[in-house]
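Pulled from TrEMBL:
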| type | residues | note |
| --- | --- | --- |
| DOMAIN | 1-139 | domain 'Dynein heavy chain C-terminal' |
């Protein structure tokens, strides 16, 4: 794992901005949940961005058949998320309809020893209004 994932993601955006000629202050990260259930299924490196595995979802689960968030199964609080594709993109191109911006933390305690926890926000598709998932405490 990465000790300072924020730095890696910042470098990812900076590299894409230099390569594409985008202004850095108008760029952001967009995420997409892939169909890969684990890193062994990934056969090639993406042209831009990166794949991330080992993330968990609390308070909901990912439904691979519908491609969106679903209610947790009874007595299951935490579920592993499929491989996530993180893509640097120009901010004005981000479309977040039917999407929940979910915080991604370094640990389940939502902070590390230095008191820092939020790494980035993942964009997860949802069939329900985002307020439903926020009230469920999804993260």
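Glycine is treated like the rest: Cβ placed from N, Cα and C.
Whatever TrEMBL says is automated annotation, not expert-curated.
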For this session: Mind tallying the domain 'Dynein heavy chain C-terminal' (1-139) by DSSP state, helix then strand then coil?
Result: 32 helix, 44 strand, 63 coil
Seminar exercise, completed: The average per-residue pLDDT within the domain 'Dynein heavy chain C-terminal' (1-139) comes out at 90
